[in-house]
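Database features, via TrEMBL:
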- 43-62: transmembrane segment (TRANSMEM)
- 68-87: transmembrane segment (TRANSMEM)
- 99-118: transmembrane segment (TRANSMEM)
- 138-163: transmembrane segment (TRANSMEM)
- 175-195: transmembrane segment (TRANSMEM)
- 215-240: transmembrane segment (TRANSMEM)
- 294-312: transmembrane segment (TRANSMEM)
- 342-363: transmembrane segment (TRANSMEM)
- 375-397: transmembrane segment (TRANSMEM)
- 550-570: transmembrane segment (TRANSMEM)
- 582-602: transmembrane segment (TRANSMEM)
- 614-638: transmembrane segment (TRANSMEM)
Amino acid sequence: MTFHFIFADKEEQRTKKTKNSPSCLGYPVSIFFIVVNEFCERFSYYGMKAVLVLYFKYFIGWDNDLSTTIYHTFVALCYLTPILGAIIADSWLGKFKTIVYLSIVYTIGQVIMAISAIHDITDTNRDGTPDNMTFHTAMSMLGLMLIALGTGGIKPCVAAFGGDQFEEHQEKQRSTFFSIFYLSINAGSLLSTLITPILRAQECGIYSKQSCFPLAFGVPAALMVVALIVFIAGHSMYIMESPKGNILLRVMKCIGFAIKNRFNHRSQQHPKREHWMDWAEEKYDKLLIAQVKMVLKVLFLYIPLPMFWALFDQQGSRWTLQATTMDGNFGAFIIQPDQMQIVNPILIVIMVPIMDSAVYPLIKKCHINFTPLRRMTVGMLLAALAFVAAALLQIQIDQTMPNFPSSSQIQVKFLNLENTSVPVEVEGQEPFAVPGFDVSSNNDTSNLNRSHIYIYRIAICRDENCKARKQCKPIARLLFCTDLIPSLLRANFTIVNEEGQTCHYILQLGFGSSYTVLIPSTFSFGESCTENIKAIQDIEPNGIHMAWQVIQYFLMTCGEVVFSVTGLDFSYAQAPSNMKSVLQAGWLLTVAVGNIIVLIVAEAGSLPDQWAEYVLFASLLVAVSIIFAVMAYFYTYMDPMEIEAKFMDLEPEEKKRKELGMTTKDNLARFGRFIEFDMVKTSVKVAMCHSHLRWCYCRWDLFMSI
């Protein structure tokens, strides 16, 4: 699990409302509202996201590929909308109003998702299956779009708004706040990833009991309501800045003008310039152009990065679906497939201090120049290695899985309740015999081509109160009521006849197992009624334990710590003073593009086996890592402060020289003679010390005498 921030640039002039903000232990009281808001919002987002892919598969009924595609489309939108949120906050509404308005949109989206998961809304015949799946699909898509707009829109605002609550002399408190802020994100994601799968595993419903997706989505929706209320409650204590324009828009306009100007002067009669961004000099000052050049230099390095996120974000899709084919029984407790994602935040809390306090210092003592770009390369290779581990695990899982029919086949099962074997002939298939009921192997399964499908419709009568219904006319005058206890992997069956006699039968289950329960004609009620009931195992329980997934999660988390944390630090260090948010927006864009890569592969890929897809992704990331390593080798680290100081030093000189040139021309026209200027340069050192970065530059003022 990874977390991204877009921080407000500390170099910008602050135009805050002047108010006496109450404080507690040296901290503004307002930040506690912001921290609680972030905890609840992250709980809401990660809780909903944890069960999303299983909702697509088991409730909506999509296959693995389509579920993966929609899941990653949603994640991509969540990382595209932060750019929109930053522009709205900086240009029009301000951070506070942007957070409030988009949080309302966010909350509505979560509520719609919870409503879309209530199967009883369209279950008119009360059989446990929605009769209008189009309604549920449309509602869920609407909810996801609103959630993507809300969570992405507030992403660049909340952390920056928290930083705005501190004065310039509270640098230490501000730093501590961001640590607490990050902790609240981890706490929210950790608890939600643990709790919502448990809620999803419960059974709920008005007329029929099904997996409780409404509760799994409803609790995150409730937490989002709490987040909104808490944030608004602190309104009177906040220090708020008025919108002052978005630097991202200025950068885009500058780049657009340079491209347009270069295109208009593409003929050979115009002299070439050192850099194509220099074509913006006619409209923009050299300082801004130099800053844009630095940003573009880093953004060029971002080109290979989406491939890392293409692998990383599959923890919530492909890896969760892989866990559904594994055994989650840990003895003392049961782990749900979507709960395995909790391994990532737990390992993050463990690995970050280990890397910072042990691994990196040890590498430094070995005199290895482990630069940030080299760290990122290693992180990408570790992610590729994680997918190799996932592929090896998938191969072992496939060996324990039954032979499911292909897309051109259908599976038919023949049961022989007689004591002797019965020969069976199916058109287009080889004749075979189905053993008798008393034989240990008393069933046979055959895959038939789709052109030879025989469908026999049998009405199954199910009553919630285990009472016979007059409109139900089953072949066997028996009704079944099932009470599945997931935590005990046990199913309790109650067989009831019209006279009210009952027979209780308990069936021990296993993760992924499938059984056919046979009740022979010799069945009779009484104390020994279960002796003749036979449970035939159609599919064996999952034989591979979920604990084996910890290996790939460990490798992926190590890759994330080395790649993501280092990448954010590198981006911040290489960004110009007033364009750090621009590079953060570019970083978030790589996450979105990575998820788009996954949905393209999931839809366009035709690999027959899942392990082959894992190997494909690992191979692509290794290839991209090599390209990135080459790009990093030729990259020259910059000192943005030094470059900015040079241009900030030259700008006043150029302006005064232009003014001097205009004055000289006027004097020549007036007096018709040459006037010699004695340029007396008086060095006046003006300390322009940055409050945080501690840098200074000198400005030379020109004085002219005639």
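Quick reminder: no glycine exception, Cβ is built from N, Cα and C everywhere.
Unlike curated entries, TrEMBL annotations are predicted automatically.
Below 8 angstroms of C-beta separation, residues 294, 297, 300-301, 304-305, 307-308, 310-311, 314, 318, 371, 373-374, 376-377, 380-381, 383-385, 387-388, 390-391, 394, 574, 601, 605, 607 of the same chain, each at least six residues beyond the ends of the transmembrane segment (614-638), sit close to that stretch. Ranked by the number of CB pairs under 8 Å to the transmembrane segment (138-163), the listed stretches 43-62, 99-118, 175-195, 215-240, 342-363 are led by 99-118. Scored by C-beta pairs under 8 angstroms, the transmembrane segment (294-312) has its highest count with 550-570, from the stretches 43-62, 175-195, 215-240, 342-363, 550-570.
Each of 99-118, 215-240, 342-363, 375-397, 582-602 was scored by its Cβ pairs under 8 Å to the transmembrane segment (175-195), and the highest score goes to 342-363. With respect to Cβ pairs under 8 Å, the transmembrane segment (43-62) is most closely packed against 215-240, considering the stretches 99-118, 215-240, 342-363, 375-397, 582-602. Of the recorded ranges 68-87, 99-118, 215-240, 342-363, 550-570, the transmembrane segment (375-397) has the largest number of C-beta contacts under 8 angstroms with 550-570.
Tertiary neighbourhood of the transmembrane segment (99-118): same-chain residues 41, 44, 48, 55, 59, 85, 93, 136-137, 139-140, 142-151, 153-154, 157-158, 161, 213-214, 216-218, 220-221, 224-225, 227-228, 231-232, selected by CB-CB distance under 8 Å and a gap of 6+ residues from either end.
Comparing 215-240, 550-570, 582-602 for CB pairs under 8 angstroms to the transmembrane segment (68-87), the maximum falls on 582-602.
Of the candidate ranges 215-240, 342-363, 582-602, 342-363 has the most C-beta pairs within less than 8 angstroms of the transmembrane segment (550-570).
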